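Engineer: Pulled these features from TrEMBL for this protein:
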type     : residues : note
ACT_SITE : Asp311   : active site, proton acceptor
ACT_SITE : Tyr399   : active site, schiff-base intermediate with substrate
COMPBIAS : 220-234  : compositional bias 'Polar residues'
DOMAIN   : 117-213  : domain 'Copper amine oxidase N3-terminal'
MOD_RES  : Tyr399   : 2',4',5'-topaquinone
REGION   : 215-234  : region 'Disordered'
SIGNAL   : 1-15     : signal peptide
Amino acid sequence: MTIPVFLVLVSFIQCGCFVSSLYHPLDPLNPTEIDQIRLTIQESHLGSLPNLTYHFVDLEEPDKEDVLKWLSSSNESKLNRRAQVVVRAGGETREVIVDINNDSIVSDHVYSGHGYPPLTFNELFLASKLPLQYPEFKESILRRSLNLSEVSCVPFTVGWYGEAITRRTLKVACFYREGSVNVFARPIEGITLLVDVDSMKITTYNDRLRAPVPKAEGTDFQSSKGKPNSSTLNDTNVGKGFTIDDHEVKWANWVFHVGFNARAGVIISTASIFDAKKKEFRRVLYRGHISETFVPYSDPTNEWYFRTFMDIGEFGFGRAADTLQPLIDCPENAAYMDGYMVGADGKAQKVPGAICIFERHSGDVAWRHTEINVPGKVIRSGEQQTTLVVRMIANVGNYDYILDWEFKRSGSIAVGVALTGVPAMKATSYTNTKERTENVYGTLVTENTVAVNHDHFLRKCNFFFLSHGCTLSSRFGQKEPVVMLVTDLS
Ligand SMILES: [Cu+2]
């Protein structure tokens, strides 16, 4: 689904700068570098282009060979830092490579293929506000006897159905808050607005049908338990069982690098495990991250057929990364890492506490054995399973994806995705299943409310040291970690 721009915008902090001291060639761009990139672009020929907007800025990673060489050297030299920048200006998309060390533009070309860069928060925010000023929409709200000041609108991406020529468009659906904070539970069904993003204007308006707005009662999702006391938390690594040095994490026999970007969110790279027999590190994973999610809804009606979201490519897991709540999202023994990305104006934005890292004591048994064949003895031994988890949460509209990278002492890495949040809901005139006379393409979850059928496909890419692969998995509502067997490829 799409991003609740009105909430996410306020959680960003235009950052005060921090520069990391320990260098790793795959370190994400820091705020100083982001400022430098923006200045380089502004001072180049691109700076005079009309309506220059930043859609994506990330590290242009050095070649794997160079990184591997750096890993096996004394790690004193630094590799050249470059950034890939996607901007839009004058109705065109440009892909630019910036050399950060020399403050220069290495390449710049206009992209003319299919598709568009991710939407900016500004675009999503402006599109969400358009209906509230639109006369025909105001009339529709009046006709339904609703109060315009209680209406929230949410922009949705439109999918692609084979059109040869497309424009950057969004469809906007609206919801009625009155008496509920669960915006998605109270859809104002039957109205669809098409917004042309480049001109930021409503180009099509359709008020096709009416259904009762589902009742507000019983929709509040807020916990009655209140916030846990986090006074015992501290930011040091002491007693946590692992160490974090800038982006490098060491735990048990593992050492790995944790990065972050606006698209993928958490990126795990150069993960190695110490082989006590050989007395050397064995390289396990070069780079791993979620590369795309696809969430198609299975309702062919006019208001729903286009809801086929690609949460990462269209919005970004990193952009949707939420500040983690201690003792709710992560346990007491967690340490936190901030995430940085670039706003539409090219300035650095900080997501405080975007990633947490903690030791998990699951209560499982790592191994055990009882030996009764030693005369006169019962020998019983074993160890509990302890793992290290790197977690982020992407809050994408009504959904919250909890993404875990779990490192095990055995040498394996498990990737788990849990889905929580609230379902995407459609208003219907039916109050119970016996009344139904037609397909509602979902489950009637309460009076006048259908949770619409859909799938979540998550694609993850694992680049091993000597090979790579991407796998596709589908899951809904439950946590079933995908276990990747670690193969010694060296
Ligand atoms: Cu879902």
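The chain as shown is numbered from 1 upward.
Glycine is no exception: its Cβ is also placed from the backbone N, Cα and C atoms.
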Engineer: Quick one: pull the CA-CA distance for Tyr399 (active site, schiff-base intermediate with substrate) versus the residue listed as 'active site, proton acceptor', whole Å only.
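Structural biologist: Tyr399 (active site, schiff-base intermediate with substrate) to the residue listed as 'active site, proton acceptor', Cα-Cα distance: 10 Å.
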Engineer: For the domain 'Copper amine oxidase N3-terminal' (117-213), would you mind checking the mean pLDDT of the predicted model?
Structural biologist: 96
Engineer: Go ahead and report the DSSP secondary structure tallies for the domain 'Copper amine oxidase N3-terminal' (117-213): helix first, then strand, then coil.
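Structural biologist: Looking at the domain 'Copper amine oxidase N3-terminal' (117-213) with DSSP, the answer is 28 helix, 28 strand, 41 coil.
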Engineer: In terms of DSSP three-state secondary structure, what is the assignment for the residue listed as 'active site, schiff-base intermediate with substrate'?
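Structural biologist: Going by the DSSP assignment, the residue listed as 'active site, schiff-base intermediate with substrate' falls within a strand, counted as strand.
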